[in-house]
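Novice: One structure follows; several queries about it will come next.
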Amino acid sequence: MKMHIARDSIVFLLNKHLQNTILTNKIEQECFLQADTPKKYLQYIKPFLINCMTKNITTDLVMKDSKRLEPYIILEMRDIIQMMFFRTLQKHMFFKEHTDLCTEYAQKIEASCYHYTYQQQEKTFLEEYSTRCGTINHIINCEKKSHQQQDNDALNKLISGELKPEAIGSMTFAELCPSAALKEKTEITLRSQQKVAEKTSQLYKCPNCKQRMCTYREVQTRALDEPSTIFCTCKKCGHEFIG
């Protein structure tokens, strides 16, 4: 009985995307006849489901290992991700006024993330795909925190046409946000070059032994326009704390 339930579900998922009942039944039947266990049946059908999602399915597709992909979840997830991108883009006035373009870009951005992830395969597909989509969604969000609003390079290029939505999924952070990447690189370089010489002071009280015999050093751990972080070490008990 479990095998029949699984087969019905597979037929439904395949036909949902193929929109061709004859081809769907033929593919599913071939996989079923070649499999002698439910596990092998699922192994055989997976490549067809995966290619179905990318709309590249053919009757002569070679069956091979799908590298731990989770096709059943992804089939339903892609529509949800596309809607997420659509809502994020629509926060910008330009896309509110161009709904058709917003829909097109949302679909192409999601497809770009999908194909990029499909080529990676170092992690499980679902984990990599979700992470990639979340990163891209943050980058194109025009409602970032105030100190991040000037870093909307990718969104501005998307609107101007300089950046193609179908290419965004495979681009690096430096390619998508050159201004933010340069700023981050500058901060890292500055932190690595700064002097961290320790000084002795009685200004800081050790929370462990309550003594005021401490060495301290200042390190720029946050943005350049924010105060340095002071790391203290008690000379009496060796306890380390932030001043």
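Each Cβ is built from the backbone N, Cα and C atoms, and glycine gets one as well.
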Novice: Of the ranges 120-160, 161-201, 202-242, which one does Swiss-Prot list as zinc finger?
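Specialist: Comparing 120-160, 161-201, 202-242 with Swiss-Prot, zinc finger matches 202-242.
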Novice: Including all protein chains displayed, how many Cβ atoms other than that of Cys209 (Zn(2+) binding site) lie within 10 Å of its Cβ?
Specialist: 13
